[in-house]
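What Swiss-Prot lists as region 'DHBP synthase' is 1-204. Swiss-Prot lists R28, E29, D33, R141, P142, G143, H144, T145, E165 with the feature D-ribulose 5-phosphate binding site, giving sequence analysis as the kind of evidence. According to Swiss-Prot, the Mg(2+) 1 binding site annotation covers E29. Annotation comment: Swiss-Prot describes E29, H144 as Mg(2+) 2 binding site, evidence class sequence analysis. If you look up Swiss-Prot, you'll see H127, E165 marked as site 'Essential for DHBP synthase activity', on the strength of sequence analysis. If you look up Swiss-Prot, you'll see 205-425 marked as region 'GTP cyclohydrolase II'. Feature annotation from Swiss-Prot assigns GTP binding site to R259, V260, H261, S262, E263, Q280, E303, G304, R305, T325, T360, K365; the stated evidence is sequence analysis. Residues annotated as active site, proton acceptor in Swiss-Prot, with sequence analysis given as evidence: D337. What Swiss-Prot records for R339 is active site, nucleophile, and it gives sequence analysis as the kind of evidence.
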Amino acid sequence: MTRLDSVERAVADIAAGKAVIVIDDEDRENEGDLIFAAEKATPEMVAFMVRYTSGYLCVPLDGAICDRLGLLPMYAVNQDKHGTAYTVTVDARNGVGTGISASDRATTMRLLADPTSIAEDFTRPGHVVPLRAKDGGVLRRPGHTEAAVDLARMAGLQPAGAICEIVSQKDEGSMAQTDELRVFADEHDLAMITIADLIEWRRKHEKHIERIAEARIPTRHGEFRAIGYTSIYEEVEHVALVRGEIAGPNSDGDDVLVRVHSECLTGDVFGSRRCDCGPQLDAAMAMVAREGRGIVLYMRGHEGRGIGLMHKLQAYQLQDAGEDTVDANLKLGFPADARDYGIGAQILVDLGVRSMRLLTNNPAKRVGLDGYGLHIIERVPLPVRANAENIRYLMTKRDKMGHDLAGLDDFHESVHLPGEFGGAL
């Protein structure tokens, strides 16, 4: 296993004006970025970064800084597959030449981090790429953008960083992988951490959710405790249906049966047959009830895989015209799946979960939660409820999104499909 350094060392190095290496999830970009605080930028540091990276230097910024400086999105509808929020490129208006030299880019970086700078201090376009970090940092989005801003803030500096991906010195044209990054870090006396480490550190030292209320909810599957939560970063309320003791005198928070269910008004409430959401929710509640211990976490704000109810209905229109559930999202300018599991992970931790058996057919959900320090010991499949209205939707989820859905081909061959229909999101 590759040796890593402590988050405390990385924060101290950032505060001292040094660079660090941050590695993300192997199921995400699986790359290591060189990161330092933007306000500490020097020509020497920028030159070092250019020499050992792709050279596409970016400056992650807190959202408030982007707003103050009028840094608009590079494109109106973000189509980056990881949701990286690129803004219009900039150069410092004064004190630079063409803007491309190490000295010029260091000047622009420091100016972006300067709390007294204003929009008119920059020209557009330029040679430095600001990135807008998501509010809540790595707890909301486990990316290098958020890691850079979090590290700067944790170091007591302005929430602005500088990042770029480290390239391989052994395999020209490729990005450096973990073992090579460790060698590089040791050669240059750089701390190396993972985003997962940073998430775990913040989870232990910070809290971004609030437990509001708890009440008894009798259901046809038996009685649950409904525990309501809010998040300081979004105006959305979530509810956890809890059965049994999760953590306490007689339970240690391990081996908990958990379903993280995304809100679906059409399927959960109206009983739409275009998706399998309602049957999945019902099955999850039944399985937790039979177990006698577990959680069904109902995540609001996840309608349509995160695009919202109105856009979901627009996607239905496209599906009725022949698009599948993935292409409909893409045609509307959204990613195939825009859901964020960070708040859900914090709620599970607050409920005392340490390790869990996750009720899902979606491997990406496992990755989304695993990156937040929760240990998933098993993925437990949910029964697939195929019908003539959702079979194409289910097959698209299987074929394009990697969902583990068995038996669909046999069902598909046994039914007459009523034209080009689509599924829920």
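Here the Cβ of each residue, glycine as well, is placed from N, Cα and C on the backbone.
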From D33, H127, P142, H144, E165: recorded positions whose CA lies within 10 A of E303 (GTP binding site): none
DSSP three-state assignment for E165 (D-ribulose 5-phosphate binding site): strand
Local confidence of the region 'DHBP synthase' (1-204) - pLDDT mean: 94
Residue with minimal Cβ packing [other Cβ atoms within 10 Å] among the recorded positions H127, R259, H261, R339: H127
Spatial separation of H127 (site 'Essential for DHBP synthase activity') from E165 (D-ribulose 5-phosphate binding site) - C-alpha basis, Å: 16
When distances run from the Cα of P142 (D-ribulose 5-phosphate binding site) to each of the recorded positions R259, E263, D337, T360, the nearest one: D337
Site of maximum Cβ density within 10 Å, from binding-site residues H144, R305: H144
Those residues of the chain, 6+ apart, with a Cβ under 8 Å from that of the residue listed as 'active site, proton acceptor': R305, G306, N329, A364, M401
Nearest recorded site to R259 (GTP binding site) by CA-CA distance, among recorded positions D33, H127, H144, R339: R339
Spatial neighbours, same chain, of T360 (GTP binding site) - Cβ under 8 Å, 6+ residues apart: R259, V260, R366, R379, V380, P381, L382
Nonlocal residues around E263 (GTP binding site), in sequence order (Cβ under 8 Å, 6 or more apart): Y298, M299, R300, G301, H302, E303
DSSP state at H261 (GTP binding site), helix/strand/coil: strand
Per-residue Cβ crowding (10 Å cut-off), top of binding-site residues D33, E303: D33
